[in-house]
Every structure is written in structure tokens, then in C-alpha cells.
Amino acid sequence: MNVKEHVISLPRRVFVGHDIIYDISIYFSQLGITSPFLIVTGTKYTKKIADRVIENLPKNAKYEVIEIDTATLDDVYKVEEVVKKVNPNILLGIGGGKVIDVTKYAAFRNNLEFVSIPTSPSHDGITSPFASIKGLQKPVSVKAKEPLAIIVDIEILSLSPRRLINAGIGDTIGKIIAVRDWRLAAKLRGEYYGDYTASLALMSAKHAFQCTKIINKDIKYGVRMLIEALISSGVAMGMAGSTRPASGSEHLFAHAVELLHPEGVLHGELVGLGTIIMAYLHGINWKIIRDRLKKIGFPVKAKDLGLSDEEVIKALTIAHTIRPERYTILGDRGLTWSSAEKIARVTKIID
């Protein structure tokens, strides 16, 4: 395949360590980052982290803060209103996946740089140049701005709710399926397949898989392993110029569930369930994946997430329609109701 131009979007610098939030002014100086800043953060816990960041900004820095709870197009518009008022040099996204997605999409739309400062390791959006924003035509990732820099404080991430940490593991293990789907599309549809980016995504999944052996014993070491996997996955997407290395049929299932059951379930949790199901379809040992996830307290049954059997089955039957241009193990026609029900029961997602 001849491509005239392939642009790789990657962060300029990644800072990972313990208590490094106190060194933010040093990092900003190294990168030539100056105020005014627009700080996008969440409420409650993430706002407390944002306050600590503010305390350690360069002396006399000018800034404005906006708090958001969701990742909708309306939230993006709210950020853009403040952008017009403040005219910031850079955006700082301090929070979980929703905050960072809104920040990077607003940065993209307004041609601004942004710094990613995650407060939880819930998914690989902390690095990637793509965002999941509700209110667009479909619940899939859209092009956004890659972070200029990422500042990851392991002490902070280790204190995030365990459910968010587990969701990050579920999201990353899903790359096992994404890469297999990509290979399948290359073989059957002649789609471009990047060996290096696929290998990087697969390595991230294997790293997260190893994390399931460690996280219960040593939370800080486990979180460090997980964050490295999440960063690698995001880098793979930046290199590929698409979400292909990190999003396959397991993500299509997750997006389908989000259409049917839009509240109360974490993206990474749905990807974890989708990974178990799609591993079965690919002929991978799904039982090992399920058992590893279960041992860390990951919800491996639909009812644990408040999902009905019908929602799971319906999601499986419509998953292939979410991104019809993205060929996966689900094929062009998807699964019939009876096939979807059988697979969901065999993999113990439903009883």
C-alpha cells in the first residue's frame, strides 16, 4: 500500500515516578511551557489533585480552572468557552479518562497543546491522540490532540479506586483481540497491517496480563506496570495513526453495550468482558483470561455490572454495525441472537 504521507503523533516527554507532582514547575521549565494555563479537571478527588498541581505551578503563574463530570460534546463546548475568555498557552488535563478525553479534544479543535496528568490508570487515553466523546454520531474514538507531555505520579495513581485500576487492566488486555482482528483484516481484506505497532500493542497486553499476578501483592509496582502498558498502547495508536492496534471486536462490543446501557459501567470493564467473549471466537484460551481477571476482583459476569442477559446478547448482535469499515472476527453479518446467547453462556458472561 502506497501512502503519500504518514504522520506519527507522539508525546515529547513522559515523566513517571513517585511524588513527581511536586516537580511540575521544573518539567514545565524544561519544556518551555508558560502560563496562562487552562486546567480541566473533575470534581471531588480529582479536584484535590488539581489543587496540588496548582500549588506547584511556576511562581506567579496565571491559570483558570474548569470542572467537568462527563465527557460529552457539551463539556467540550464549555471548555472552549473558557478558552475564548482566557486565551491559554496550553491546557492541563488533570483527572481520569473523561477529563483527559475532553481536554485533548478541546485542544485539537482549538489548535492548542495539552499536558496529560492522569489521576487514575483506567484506560490508554492518557497517551493516545484519540478521544471518546458522547454526543457525536457514534460511540467510537475520534481524532484528538496527542499530549505534549505526560506526568504520571505513581503515588497518586496507586490511591485511585481499585475499580478504576482494574478497568485499566481490562482495557489493556483487550489489545490481544485487537491485534488478532487487525491481522484478520489484513489477510481477508488486504488492510494495511503494521508489524511494529501491532507488536507494541501486543506487548502492552502481555504486560497488563503480568500485572494481574502482581497487583494484589504490590499495588504500587502493579500500577507502574499497568501505566507503562497503557502508555505503550497509546504510543502504538499514535504511530499507527489510528486506533486499530488497540481497538477491535472487544471494543465494538463495549461500544454497543454503551449504546444500550449508557450509565454506570466503566469502559475498561466492558472491554474486559468483550475480550473474554472474542477470545472464544478467535480460539484463544478465554478461560485463562477470565480467571486472571477474576483473581484481581474484575467483574467477569454481566450481572456484576448491572447488565441484563438481553443487553449482552443484543450488544453482540449489533457490535459489527458500530464501525462497519473495521473488519473483525465478527465479520460483515455479525452474530445471530442464538449464537450470541450461546457464546455468552459458554464464556459464563451470563448464566
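Counting starts with 1 at the first residue shown.
Cβ coordinates come from backbone N, Cα and C, glycine included.
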Out of S35, S128, which is the one Swiss-Prot records at the NAD(+) site of G97, K98, V99, I100, D101, T119, S120, P121, S122? S128
Swiss-Prot records D171, H255 as substrate-binding residues. Which of D124, D218, D304 is assigned to the same site? D124
In Swiss-Prot, the residues D171, H267 are said to bind Zn(2+). Which of H207, H251, H282 is said to bind at that same site? H251
Between the C-alpha atoms of S122 (NAD(+) binding site) and H267 (Zn(2+) binding site), the distance in angstrom, to the nearest integer, is 8
For D124 (substrate binding site) and G97 (NAD(+) binding site), the CA-to-CA distance in whole Å is 8
Could you say which of the binding-site residues D101, D124, D171 has its Cβ with the most other Cβ atoms inside 10 Å? D171
Filter the binding-site residues V99, D101, S120, D171 down to those whose C-alpha lies within 10 angstroms of the C-alpha of H267 (Zn(2+) binding site); answer none if the list is empty. D171
Other than D171, H251, H267, the chain contributes near Zn(2+) (Cβ within 8 Å of their centroid) the residues H123, G170, G174, S247, E250, A254, G268, L270, V271
H251 (Zn(2+) binding site) and D171 (substrate binding site), compared by Cα position, are separated in whole Å by 9
Ten-angstrom check, please: count other Cβ atoms within 10 Å of the Cβ of H255 (substrate binding site), all chains counted. 23
